[in-house]
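**Q** According to TrEMBL, the protein has these features:
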DOMAIN    39-74  domain 'EF-hand'
BINDING   52, 54, 56, 58, 63  Ca(2+) 1 binding site
DOMAIN    78-110  domain 'EF-hand'
BINDING   91, 93, 95, 97, 102  Ca(2+) 2 binding site
């Protein structure tokens, strides 16, 4: 299963291009631009499972750092500041990781 099974390649390209500069990544803007915020809960869950590289049921800090690379090969890693901000924005229960429900809420708030 690939991200492009759920999201248009042109939308992915637009979203990646919008945050090429260091410290320009915004999760909500990215989700909106890539079209994820308009997807069904099932489609959002499938994307979450792709992002959850270690299949732990959570997206942890190291997975967040490589977030953009899940959408496009050659995309830049997130900076430490972007990774921390993403984690703070998505981690509503303060456990240091983003679970499915937290991810879904973040996507839908975009």
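Cβ atoms are placed via backbone N, Cα and C, with glycine included.
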**Q** Roughly how many angstrom lie between the C-alpha atoms of residue 63 (Ca(2+) 1 binding site) and residue 97 (Ca(2+) 2 binding site)?
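**A** Cα of residue 63 (Ca(2+) 1 binding site) to Cα of residue 97 (Ca(2+) 2 binding site) measures 10 Å after rounding.
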**Q** Please average pLDDT over the domain 'EF-hand' (78-110) for the predicted structure.
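**A** Summing pLDDT over the domain 'EF-hand' (78-110) and dividing by its length gives 95.
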**Q** Same chain only, sequence gap of 6 or more: which residues have a CB within under 8 Å of the CB of residue 93 (Ca(2+) 2 binding site)?
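**A** Looking at Cβ-Cβ distances below 8 Å from residue 93 (Ca(2+) 2 binding site), excluding near sequence neighbours, one finds 99, 102.
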**Q** Can you give me the same-chain residues 6 or more apart in sequence from residue 54 (Ca(2+) 1 binding site) with a CB-CB distance under 8 Å?
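**A** Listed in sequence order, they are 60, 63.
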**Q** So among 91, 95, 97, all listed as binding-site residues, which is physically nearest to residue 58 (Ca(2+) 1 binding site)? Use the C-alpha atoms.
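**A** Out of the listed candidates, the nearest Cα belongs to 97.
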**Q** Can you tell me the CA-to-CA distance separating residue 95 (Ca(2+) 2 binding site) and residue 56 (Ca(2+) 1 binding site), as a whole number of Å?
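**A** It is 14 Å, counting Cα to Cα.
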**Q** Applying a 10 Å Cβ distance cut-off over all chains shown, what neighbour count does residue 56 (Ca(2+) 1 binding site) have?
**A** 11
**Q** Taking helix as H, G and I and strand as E and B in DSSP, count the residues of the domain 'EF-hand' (78-110) in helix, strand and coil.
**A** 20 helix, 2 strand, 11 coil
**Q** For residue 52 (Ca(2+) 1 binding site), write down the residues of its own chain that are at least 6 apart in sequence and whose Cβ falls under 8 Å from its Cβ; none is a fine answer.
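**A** Once residues fewer than 6 apart are set aside, residue 52 (Ca(2+) 1 binding site) is near 58, 59, 63.
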**Q** Once the chains shown are all counted, how many other Cβ atoms turn up within 10 Å of the Cβ of residue 63 (Ca(2+) 1 binding site)?
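**A** Taking every protein chain into account, the count is 18.
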**Q** At the Cα level, what's the spacing in Å between residue 91 (Ca(2+) 2 binding site) and residue 56 (Ca(2+) 1 binding site), rounded?
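**A** Here the two Cα atoms lie 15 Å apart.
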**Q** Do me a favour and check the Cα-Cα span between residue 56 (Ca(2+) 1 binding site) and residue 97 (Ca(2+) 2 binding site); whole Å is fine.
**A** 10
